[in-house]
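Undergrad: Just passing along the structure, written as structure tokens.
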Amino acid sequence: MSEILVLVEHADGDVKKVTLELLTLARSLGEPSAVWAGPGYTDAAKAKLAEYGAGKIYVAESEEIAGYVVAPKAELLAKLVSDASPAAVLVAATAEGKEIAGRLAIKTDSGVITDAVGLGEGFVADQSIFGGGVNVRSRVTKGTPIVAVRPNSTAPVAEPGAGAEEKVEIALSDAARGAKVVERVKQERGARPELTEAAIVVSGGRGVGSGENFSIIEKLADSLGAAVGASRAATDAGWYPHQFQVGQTGKTVSPQLYVAAGISGAIQHRAGMQTSKTIVVINKDSEAPIFEIADFGVVGDLFQVVPQLTEEIEKRK
Amino acid sequence: MNIVVCVKQVPDTATERKLRSDDKTLDRDAADGVVNELDEYAVEEALRLKEAHGGEVTVLSMGPAKATETIRKALAMGADKAVHLSDDALRGSDALSTSYALAETLKKIGFDLVILGSESTDARTGVLAAMLAERLGTPQLTLANKVEVDGSAIAIQRVTDYGYDKVEASLPAVVSVVEKINEPRYPSFKGIMAAKKKPVETLAIGDAEISADQVGLASAWSEVVDFAAAPPRAAGTVVKDEGDGGVKAAEFLASKKFV
Ligand SMILES: Cc1cc2nc3c(=O)[nH]c(=O)nc-3n(C[C@H](O)[C@H](O)[C@H](O)COP(=O)(O)OP(=O)(O)OC[C@H]3O[C@@H](n4cnc5c(N)ncnc54)[C@H](O)[C@@H]3O)c2cc1C
């Protein structure tokens, strides 16, 4: 079977869930090889990648790879594409993943597809465009298909692979060392799952009214083991940090469950959450467009409904 | 400092956007064309950098004749001049061809700094700035919520999942900005009048030494196989809160095994 490269997303030595999804997807189309870029590789990471079907694991651990913006990872993948001639390259459709895919496409003279929500035979990708209004199937017609796949597009299923390790040395070009990362600033809010990866997301909007009030949203999220999201109205007001914004110019999420409280459902918000499997809405205005996409909606004051919901969930645990 | 801002005309998100049934490209006639909103932040940032450090702001837009409306808007905000890359051969270009055509044009017109919005609201690939950096061999300073220039040194804050990275480079460089970076100004009446007299140079592909076999729909690196309107979501249940809305929502979540 033909080899498919999967770029591993990792943080603090842990393999992220999206990578397990990509390995699962790659198994249906060929033989997945994981590509680890940057420091932090551990035996646990290796075991995880093998458990989800990595036949090979290319490991490029140099500090330099993580020390510059995007370009080193694209260079690493380009080297592997030329050495191993894979059938395709899969990356996670995060902001950075897409940038890596873009640069790799130029380096390898290949086509690139971003934000795939599915991938089938012949590497035909499913995409959802125009705020979820149109479904498109597209494919790469030149070079090695490079596909950026959205988190939560497939359920990860374990199926062991050989996990044969291969160390990769790479001498970065000067061009790849142009933009140096001098400091990483973490602004995390509690130990919640990452927004794009979370199975459940609870989001608050302008209706939440203030930064302090977001604790109501956080409590509901915690009762469900969910990530917290916010509409642009809420991040613009400074009530919640920007990296938690869901929508057109924020994160695109596709969880099993999305709860929207005090959010009207503007097209730009829906563009970031419309593919959620189940949508629950709490809004005091029964005319709010978000109800159009709700599987379950409560017309009511979120300051009453959300705490009651949280309490009820805690009771049922 | 010679700053070039890339600006794209996109169909208004508020109107219904379509693909054409004949060649499966964006139907630009179906919806009103507006400035890609994120590009307004790019223009604003360019103007602020010019105000602080001097220099000139050039708008670069690739698009059909009707994109001049978008170019005029950027000029009305305060940009000095514009280059409009417009040629029938460019129609249907994908991200790879677009980045190639823009990179060739940038090489021709010269720049110290190129600024883009982080993505366009129609295609939403979010790859163009990275591709330009790759093609031009200049540092990639993308997803910036803060930009500082000091002589030939440039520093940005790059938005990440966990917060942000502080990134440093030297000019020339390619920057993309996110919407939290600034508050774009509205064109003043004076600005709108002045924009009418500002120079707009229209280039065909030959003028920028862009080869025809690298651009347009026929040379794209990917293709749309087919497309269809998304099936509407099945209508859900909506209840009015009678003091037990939270309990009802919990019951629904329990029925779906979320609790
Ligand atoms: C180019 C562009 C990109 C954009 N990108 C994004 C994006 O990424 N993400 C995004 O979210 N938006 C984005 N927007 C903005 C978007 O158009 C909306 O302005 C925004 O989503 C509105 O946020 P909201 O729903 O929280 O606020 P509003 O639209 O003001 O809605 C607030 C809702 O809260 C309800 N409410 C108020 N009080 C209560 C209460 N006590 N209990 C229950 N309900 C209550 C109201 O009935 C109302 O429906 C973008 C816009 C543009 C032009």
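Just so you know, glycine gets a Cβ as well, placed from its N, Cα and C.
Among the features that TrEMBL reports, domain 'Electron transfer flavoprotein alpha/beta-subunit N-terminal' is placed at A:4-185. Taken from TrEMBL, the feature FAD binding site applies to A:ARG206, A:231-232, A:245-249, A:262-269, A:ASN283.
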Undergrad: If you count Cβ atoms within 10 Å of each one, which of the binding-site residues A:ILE263, A:ALA266 comes out on top?
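TA: Within the set of binding-site residues, the most crowded position is A:ILE263.
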Undergrad: Looking only at A:ARG206, A:HIS269, which of these binding-site residues has the biggest number of Cβ atoms within 10 Å around its Cβ?
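TA: Result of the Cβ crowding comparison: A:HIS269.
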Undergrad: For the binding-site residues A:GLN245, A:GLN248, work out the Cβ neighbour count at 10 Å and name the residue with the minimum.
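TA: Looking at the binding-site residues A:GLN245, A:GLN248, the Cβ with the fewest others within 10 Å is that of A:GLN248.
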Undergrad: Helix, strand or coil: which one is A:GLN245 (FAD binding site) in, per DSSP?
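TA: A:GLN245 (FAD binding site) sits in a strand per DSSP.
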Undergrad: Taking Cβ distances under 8 Å as the criterion, give the subset of the binding-site residues A:ARG206, A:GLN245, A:GLN248, A:ILE263, A:HIS269 near chain B, ordered by sequence.
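TA: Near chain B, the qualifying binding-site residues are A:GLN248.
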